[in-house]
Amino acid sequence: MWFQWGEQRDYIDTTWGCGYALASAFVLLNLLGQLTGCILVLSRNLVQYACFGLFGIIALQTIAYSILWDLKFLMRNLALGGGLLLLLAESRSEGKSMFAGVPSVRESSPRQYMQLGGRVLLVLMFLTLLHFDAGLFSILQNIVGTALMILVAIGFKTKLAALTLVVWLFAINVYFNAFWTIPVYKPMHDFLKYDFFQTMSVIGGLLLVVALGPGGVSMDEKKKEW
(Lines of atoms letter the chains of each structure in order from A and count residues from 1; the text may use other names and numbers.)
(Lines give C-alpha, C1' and ligand atoms only; values in the text may rest on other atoms or scores of the structure.)
Protein backbone atom coordinates (compact mmCIF):
# COMPACT_ATOMS: atom_id res chain seq x y z
CA MET A 1 0.00 0.00 0.00
CA TRP A 2 2.92 2.32 0.68
CA PHE A 3 4.37 1.87 -2.80
CA GLN A 4 0.93 2.17 -4.46
CA TRP A 5 -0.35 5.03 -2.38
CA GLY A 6 -1.45 7.07 -5.40
CA GLU A 7 -3.29 4.21 -7.11
CA GLN A 8 -5.12 3.24 -3.90
CA ARG A 9 -6.11 6.85 -3.18
CA ASP A 10 -7.31 7.47 -6.75
CA TYR A 11 -9.34 4.25 -6.74
CA ILE A 12 -11.17 5.16 -3.54
CA ASP A 13 -11.72 8.73 -4.75
CA THR A 14 -13.08 7.55 -8.12
CA THR A 15 -15.26 4.80 -6.67
CA TRP A 16 -16.79 6.75 -3.80
CA GLY A 17 -16.33 10.36 -4.96
CA CYS A 18 -15.10 11.28 -1.49
CA GLY A 19 -12.35 13.68 -2.52
CA TYR A 20 -8.57 13.66 -2.30
CA ALA A 21 -8.34 14.25 1.47
CA LEU A 22 -10.78 11.54 2.59
CA ALA A 23 -9.35 9.03 0.12
CA SER A 24 -5.84 9.70 1.46
CA ALA A 25 -7.09 9.36 5.04
CA PHE A 26 -8.68 5.99 4.17
CA VAL A 27 -5.44 4.65 2.68
CA LEU A 28 -3.48 5.88 5.71
CA LEU A 29 -5.96 4.28 8.14
CA ASN A 30 -5.83 1.04 6.16
CA LEU A 31 -2.04 0.99 6.13
CA LEU A 32 -1.53 1.90 9.80
CA GLY A 33 -4.32 -0.43 10.92
CA GLN A 34 -2.74 -3.42 9.21
CA LEU A 35 0.80 -2.61 10.34
CA THR A 36 -0.19 -1.95 13.95
CA GLY A 37 -2.32 -5.08 14.21
CA CYS A 38 0.35 -7.32 12.69
CA ILE A 39 3.13 -5.88 14.86
CA LEU A 40 1.06 -6.42 18.02
CA VAL A 41 0.26 -10.01 17.02
CA LEU A 42 3.87 -10.86 16.17
CA SER A 43 5.15 -9.28 19.39
CA ARG A 44 2.40 -11.06 21.41
CA ASN A 45 1.16 -7.80 22.91
CA LEU A 46 -2.55 -6.96 23.21
CA VAL A 47 -3.32 -9.76 20.75
CA GLN A 48 -7.06 -9.71 21.35
CA TYR A 49 -7.30 -5.98 20.64
CA ALA A 50 -5.10 -6.45 17.57
CA CYS A 51 -7.46 -9.16 16.28
CA PHE A 52 -10.50 -6.92 16.72
CA GLY A 53 -8.67 -4.13 14.91
CA LEU A 54 -7.79 -6.43 12.01
CA PHE A 55 -11.40 -7.64 11.89
CA GLY A 56 -12.37 -3.99 11.45
CA ILE A 57 -9.81 -3.53 8.65
CA ILE A 58 -11.17 -6.59 6.81
CA ALA A 59 -14.72 -5.26 7.13
CA LEU A 60 -13.63 -1.81 5.95
CA GLN A 61 -11.84 -3.25 2.92
CA THR A 62 -14.83 -5.45 2.08
CA ILE A 63 -17.07 -2.38 1.84
CA ALA A 64 -14.58 0.12 0.38
CA TYR A 65 -13.35 -2.16 -2.41
CA SER A 66 -16.87 -3.52 -3.20
CA ILE A 67 -15.77 -7.04 -2.31
CA LEU A 68 -19.33 -7.82 -1.16
CA TRP A 69 -20.34 -8.17 -4.81
CA ASP A 70 -17.43 -10.41 -5.79
CA LEU A 71 -18.09 -13.89 -4.37
CA LYS A 72 -14.51 -15.12 -4.80
CA PHE A 73 -12.94 -12.18 -2.96
CA LEU A 74 -15.69 -12.21 -0.32
CA MET A 75 -15.06 -15.88 0.48
CA ARG A 76 -11.33 -15.25 0.71
CA ASN A 77 -11.90 -12.33 3.09
CA LEU A 78 -14.14 -14.53 5.21
CA ALA A 79 -11.36 -17.14 5.25
CA LEU A 80 -9.00 -14.44 6.56
CA GLY A 81 -11.57 -13.72 9.25
CA GLY A 82 -11.51 -17.42 10.13
CA GLY A 83 -7.77 -17.24 10.66
CA LEU A 84 -8.23 -14.26 12.96
CA LEU A 85 -10.91 -16.15 14.92
CA LEU A 86 -8.45 -18.98 15.51
CA LEU A 87 -5.79 -16.51 16.57
CA LEU A 88 -8.27 -14.91 18.96
CA ALA A 89 -9.12 -18.34 20.40
CA GLU A 90 -5.43 -19.08 20.87
CA SER A 91 -4.87 -15.78 22.67
CA ARG A 92 -7.84 -16.48 24.97
CA SER A 93 -6.35 -19.83 25.92
CA GLU A 94 -3.09 -18.12 26.85
CA GLY A 95 -4.87 -15.51 28.90
CA LYS A 96 -6.97 -18.07 30.79
CA SER A 97 -4.16 -20.50 31.61
CA MET A 98 -3.74 -20.82 35.36
CA PHE A 99 0.03 -21.18 35.10
CA ALA A 100 2.37 -19.84 32.47
CA GLY A 101 3.09 -22.47 29.85
CA VAL A 102 0.47 -24.89 31.24
CA PRO A 103 -2.82 -25.14 29.32
CA SER A 104 -6.04 -24.94 31.28
CA VAL A 105 -7.88 -28.22 31.83
CA ARG A 106 -11.24 -27.05 30.55
CA GLU A 107 -11.83 -24.79 27.62
CA SER A 108 -14.37 -22.03 27.79
CA SER A 109 -17.35 -22.32 25.46
CA PRO A 110 -16.57 -19.06 23.62
CA ARG A 111 -13.16 -20.41 22.67
CA GLN A 112 -14.63 -23.69 21.42
CA TYR A 113 -17.10 -21.89 19.17
CA MET A 114 -14.40 -19.51 17.94
CA GLN A 115 -12.40 -22.53 16.83
CA LEU A 116 -15.45 -24.01 15.13
CA GLY A 117 -16.22 -20.74 13.35
CA GLY A 118 -12.58 -20.33 12.37
CA ARG A 119 -12.41 -23.83 10.88
CA VAL A 120 -15.59 -23.38 8.87
CA LEU A 121 -14.55 -19.97 7.54
CA LEU A 122 -11.07 -21.19 6.61
CA VAL A 123 -12.42 -23.83 4.26
CA LEU A 124 -14.17 -21.13 2.22
CA MET A 125 -10.77 -20.37 0.69
CA PHE A 126 -10.75 -23.81 -0.90
CA LEU A 127 -14.18 -23.37 -2.44
CA THR A 128 -12.63 -20.65 -4.62
CA LEU A 129 -10.05 -23.15 -5.87
CA LEU A 130 -12.52 -25.74 -7.18
CA HIS A 131 -12.53 -26.10 -10.97
CA PHE A 132 -15.73 -27.32 -12.60
CA ASP A 133 -14.49 -28.96 -15.76
CA ALA A 134 -14.29 -32.51 -17.09
CA GLY A 135 -10.51 -32.94 -16.83
CA LEU A 136 -9.34 -35.97 -14.84
CA PHE A 137 -6.88 -33.92 -12.76
CA SER A 138 -9.51 -31.29 -11.93
CA ILE A 139 -12.03 -33.94 -10.89
CA LEU A 140 -9.45 -35.67 -8.68
CA GLN A 141 -8.36 -32.36 -7.17
CA ASN A 142 -11.97 -31.40 -6.43
CA ILE A 143 -12.75 -34.76 -4.78
CA VAL A 144 -9.64 -34.77 -2.58
CA GLY A 145 -9.97 -31.05 -1.74
CA THR A 146 -13.66 -31.35 -0.86
CA ALA A 147 -13.00 -34.37 1.38
CA LEU A 148 -10.23 -32.53 3.25
CA MET A 149 -12.42 -29.41 3.62
CA ILE A 150 -15.23 -31.47 5.13
CA LEU A 151 -12.84 -33.17 7.56
CA VAL A 152 -11.52 -29.80 8.78
CA ALA A 153 -15.00 -28.28 9.03
CA ILE A 154 -16.49 -31.13 11.10
CA GLY A 155 -13.28 -31.63 13.09
CA PHE A 156 -12.47 -35.24 12.16
CA LYS A 157 -8.78 -36.21 11.83
CA THR A 158 -8.42 -32.44 11.96
CA LYS A 159 -4.70 -31.97 12.39
CA LEU A 160 -3.78 -34.38 9.61
CA ALA A 161 -6.40 -32.92 7.24
CA ALA A 162 -5.32 -29.35 8.02
CA LEU A 163 -1.63 -30.19 7.51
CA THR A 164 -2.44 -31.83 4.17
CA LEU A 165 -4.36 -28.72 3.14
CA VAL A 166 -1.38 -26.56 4.14
CA VAL A 167 0.91 -28.50 1.79
CA TRP A 168 -1.67 -28.56 -1.01
CA LEU A 169 -2.56 -24.89 -0.74
CA PHE A 170 1.09 -23.83 -0.56
CA ALA A 171 1.88 -25.78 -3.74
CA ILE A 172 -1.12 -24.29 -5.56
CA ASN A 173 -0.24 -20.82 -4.32
CA VAL A 174 3.36 -20.96 -5.55
CA TYR A 175 2.26 -22.38 -8.91
CA PHE A 176 -0.74 -20.18 -9.72
CA ASN A 177 0.18 -16.94 -7.93
CA ALA A 178 3.81 -16.62 -9.03
CA PHE A 179 3.72 -12.81 -9.18
CA TRP A 180 7.53 -12.64 -9.33
CA THR A 181 7.38 -13.99 -12.90
CA ILE A 182 5.22 -11.06 -14.07
CA PRO A 183 6.78 -7.65 -14.83
CA VAL A 184 6.02 -5.08 -12.12
CA TYR A 185 4.36 -2.65 -14.53
CA LYS A 186 1.64 -5.15 -15.52
CA PRO A 187 -1.64 -5.09 -13.52
CA MET A 188 -1.59 -8.89 -13.22
CA HIS A 189 1.52 -8.59 -11.02
CA ASP A 190 -0.49 -6.76 -8.35
CA PHE A 191 -3.47 -9.15 -8.54
CA LEU A 192 -1.26 -12.22 -8.16
CA LYS A 193 0.74 -10.57 -5.38
CA TYR A 194 -2.47 -9.81 -3.46
CA ASP A 195 -3.73 -13.39 -3.92
CA PHE A 196 -0.35 -14.85 -2.92
CA PHE A 197 -0.07 -13.09 0.43
CA GLN A 198 -3.76 -13.47 1.23
CA THR A 199 -3.42 -17.21 0.64
CA MET A 200 -0.32 -17.30 2.86
CA SER A 201 -2.41 -15.72 5.63
CA VAL A 202 -4.98 -18.51 5.30
CA ILE A 203 -2.15 -21.07 5.43
CA GLY A 204 -1.18 -19.43 8.74
CA GLY A 205 -4.73 -20.02 9.97
CA LEU A 206 -4.54 -23.68 9.00
CA LEU A 207 -1.25 -24.01 10.88
CA LEU A 208 -3.09 -22.70 13.95
CA VAL A 209 -5.57 -25.56 13.49
CA VAL A 210 -2.62 -27.98 13.34
CA ALA A 211 -1.12 -26.45 16.50
CA LEU A 212 -4.29 -26.01 18.56
CA GLY A 213 -6.43 -28.87 17.33
CA PRO A 214 -10.12 -28.61 16.44
CA GLY A 215 -11.45 -27.53 19.83
CA GLY A 216 -14.36 -28.87 21.85
CA VAL A 217 -17.00 -28.66 19.11
CA SER A 218 -15.60 -31.36 16.85
CA MET A 219 -15.84 -35.06 16.12
CA ASP A 220 -12.27 -35.59 17.35
CA GLU A 221 -13.30 -34.27 20.78
CA LYS A 222 -16.55 -36.23 20.83
CA LYS A 223 -14.65 -39.45 20.12
CA LYS A 224 -12.93 -39.06 23.48
CA GLU A 225 -16.34 -39.23 25.18
CA TRP A 226 -17.35 -42.37 23.26
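Backbone N, Cα and C atoms are what each Cβ position is placed from, and that goes for glycine too.
Feature annotations, reproduced from TrEMBL:
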TRANSMEM  20-42  transmembrane segment
TRANSMEM  49-67  transmembrane segment
TRANSMEM  138-156  transmembrane segment
TRANSMEM  163-184  transmembrane segment
TRANSMEM  196-217  transmembrane segment
Same-chain Cβ contacts of the transmembrane segment (138-156) under 8 Å, 6 or more residues past its ends?
116, 119-120, 122-123, 126-127, 129-132, 162, 164-165, 168, 206, 209, 214-215, 217-221
If contact means at least 3 Cβ pairs within less than 8 Å, sequence distance 6 or more, would you call the transmembrane segment (49-67) and the transmembrane segment (163-184) in contact?
no
Sequence-distant residues near the transmembrane segment (20-42) by C-beta distance (under 8 Å, 6 or more away from its ends) are 1-2, 5, 8-10, 12-13, 49-51, 53-54, 56-57, 60-61, 64, 87
